[in-house]
Each structure stands twice: as structure tokens, then as C-alpha cells.
Amino acid sequence: MAERFDRIWHNARLATLREGQPGLGVIEQGVVAARDGRIAFAGPRSDFAADGDAPERIDCAGRWITPGLVDCHTHLVYGGDRAHEFELRLAGASYEEIARAGGGIVSTVAATRAADENELVTGALPRLDALLAEGVTTIEIKSGYGLETATELRQLSAARALGVRRAVSVRTSFLGAHALPVEADGDKERYIDRVCDEMLPAVAQSGLADAVDAFMENIAFSAAQTSRVFAAAKALGLPVKLHADQLSNLGGAALAAEFGALSADHLEHTDEAGAAAMARAETVAVLLPGAFYFIRETQKPPVELFRKHGVKLALATDCNPGSSPLTSLLLTMNMAATLFRMTVDECLAGVTREGARALGVLAETGTLDAGKWCDLAIWDINRPAELVYRMGFNPLHQRVWRGR
């Protein structure tokens, strides 16, 4: 009896990104077959059942198929716009001057608090659509622009709603420990009390967050304050991730590892002890070249140390209104290769397999393996390096989410 599938893509070249395979796990003359939204077969044509059939057979005409892209760190949902601040910066205004004038994160918090859920969804959709147009099939979206319970929950709900409005998998992170709200009057300890005692229990009860994030930095929260948030999150059964070592080395990478974090992100100032701790904890390093570029950082993340210790490397846009208004994972890869000297293979793994690992969803997506969701990106390219090499160019032929 013929083996039946829902859809078959044939005459394709596959970059499977499978673990344990050299390079990108390339298969020439490949076939992908989907059943019930999942990959039922991904491999050489010679291994595919001769009688395999489906109502829809797509001839890829030699195009490349990769796993659907994963953007594992974004702040996609927010109110307002800060393009005017960019103009002020170009005219010579400092961050401090902009903040004193009511700009910076304070302005985004005010605009986000003033927006209802529909307005937040409507504002985020063009940003999401830009990412989907480049083959993104899984995206992480953080809260962190409410800094009080109701708005944080509204941000998370809006993020989940995006996954209903569009064919994309959305993972959400609660980022209540992002910044200090104006009404806290500079009292970080009291605000962290509120995060741990009020916000986190409400978030956990709502079921709207898949993870808990925090920003550990001199301008944000200390190691002790971050530890309190993480301990409370773990007690509620929520995994953690951390904005770490972006502007200074406060030991964020090591603290993330101590709590078994899914990922530590930014990491420009991470030292060897931090890298080694991340390797032992299997915490993924998420590098964010868009923010590095946009705010003109000079300290690069220690890619060689991460390689030395075997830390997995992911890449993400860090899409946000203040430091990385970026909605292109393709450009992100080019930036990582050019600015951080990452290889083509590292970049492509960083926006597929390792991005999925950083979100704790590698069992479900990120590689072309039977049993995973059939999330694909099909490209009009001659070789995978083009996806990293070219700038301002989108060769996506088709995006497939869960087999359709």
C-alpha cells in the first residue's frame, strides 16, 4: 500500500542543520514530506519511498530548503515610536539628555501603558510581517514595557494574539525586571519586591509566559536583585533567560548558568569564567549584533571563548524601539559574520537550530528531522552562504509553517 503524505517537496537541496552532522547537514537531491503538520520524511530522494504520494507535490526546481528561521530574542510588542529620538541622537543629544526630556524607555512605557491590546497587536503586526517575509516561523516576544502588572499581562496577551493572527509559533517571556518605572522613585528593592510578589504570581497564573527574563546591568538590576527574580520564577516552574554582560561584566553569564538559564543574551563583556559556566550549564549564548551596531558598541562578544568552551551560539534581531529597531534576521546574520567574525555555518545554525535551543523548543523545530513541525524556508539561491553574504536582499521563495 502506498505511503500517503499531505504534501511533498521534491527536487530540492536540503540544509538540514541536524545535530551531529558536519556543516549544514546538506543533502543534494532531497525530499521533504509532511503529514499532520509534521515532517514525516526529510532526506535523500534515494531513501524516499518509491510509492510515496500526496495530494500536493511541489517541484522545488533545485531550490534550497532550510528549517524555518527562529528569532529567539525580540521586544516586538510596544506602544509609540522613537524615530524622533534617533534624529536627536544624530544631532548630538546624549541618552541622558533624551531621558531627561521624557524620552528613552520612559516614553515607550508611557505609550505602551496607554495602548489597549488591539492597538498593541496592530502596531506589532507590520514588524512581525517583515520577519515572516524572510522565512521566520518561530519568534520570541518579551514584555517589559509595562512595568506594572496589568500592562505586562496585556503585552503578553498581545504577543500570544499575534500567533493567532499569523501563521507563526510565538514564545513569550515576562520581562518585568527590565527597567525601573518612574513611580518607583528610584527604589529598586521595592520594585523587585513587586515583581516577585505581585507580577510573577499573576503571570504564572495567567499562563501567558513561557519564560522569565531580566536585565542585569548597572543601569538596570543587580546580581542579587536578578537572583531574587529568578528564584521566584523557578519556584513557579518557569524557565529563565537573561540580558547579561552587555555594557559591563557583572557576572551575568555565570549567574544565568547558575540558574540553568535557557540562554544568556548580548554578552559583549562576558569573561572566560562566564563562558565556561555557560558551557557547563548548557546555556545558549544569544548574540545581538543589531544592538551592537545601533548603539555603536565597541566591545565585541567573545566568540572565540564561546567556541573554545563549546557554548552554542544563537542570533536574534533584538527588535525593539530603543536600541535595535531591526526586523531582518538575514541582515542580522550578515552583521554577525562581518562584526563578530562568525562563520556562515554558525550564522545559519544561529537562526535555526540554536535559536530553537535558546527557546527550549529544539525538540519541536529548528532542524529538518522527522517528527518535528514542518517549518520550512525555501530559497532561490545557489548556495546557503548567499543568505549571510547579501545585504538588503530577500531570496525567500516560500515559507511553510506546520506543513502549510
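Every residue gets a Cβ built from N, Cα and C, even glycine.
The annotation Zn(2+) binding site is assigned in Swiss-Prot to His73, His75, His243, Asp318 on the grounds of sequence analysis. Mapped onto three states, the DSSP output places His75 (Zn(2+) binding site) in coil.
Here Swiss-Prot flags His73, His75, His243, Asp318 as Fe(3+) binding site. Its own atom aside, the Cβ of Asp318 (Zn(2+) binding site) has 27 Cβ atoms within 10 angstroms in the protein chains shown.
If you draw a 10 Å sphere around the CB of Arg82 (4-imidazolone-5-propanoate binding site), it holds 22 other CB atoms from the protein chains shown. Summarising the annotation, Swiss-Prot assigns 4-imidazolone-5-propanoate binding site to Arg82, Tyr145, His178, Gln246, Ser323 and lists sequence analysis as the type of evidence.
Here Swiss-Prot flags Tyr145, Asn320, Gly322 as N-formimidoyl-L-glutamate binding site. Long-range Cβ proximity for Tyr145 (4-imidazolone-5-propanoate binding site), meaning a same-chain Cβ under 8 A and a gap of 6 or more residues, is found for His75, Val77, Tyr78, Gly79, Ile105, Thr108, Val109, Thr112, Thr151, Gln155, His178. Secondary structure at Tyr145 (4-imidazolone-5-propanoate binding site), as computed by DSSP, is coil.
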Least Cβ-packed of the binding-site residues His73, His178, His243 (other Cβ atoms within 10 Å) is His178
Remaining residues near the recorded N-formimidoyl-L-glutamate site, that is with C-beta within 8 Å of the centroid of the site residues Tyr145, Asn320, Gly322: His75, Tyr78, Arg82, Ile105, Thr108, Gly144, Pro321, Ser323
Using other CB atoms within 10 angstroms as the count, which residue among the binding-site residues Gln246, Asn320, Ser323 scores least? Ser323
Nearest to Gly322 (N-formimidoyl-L-glutamate binding site) by Cα, among His73, Arg82, His243, Gln246 (binding-site residues)? Arg82
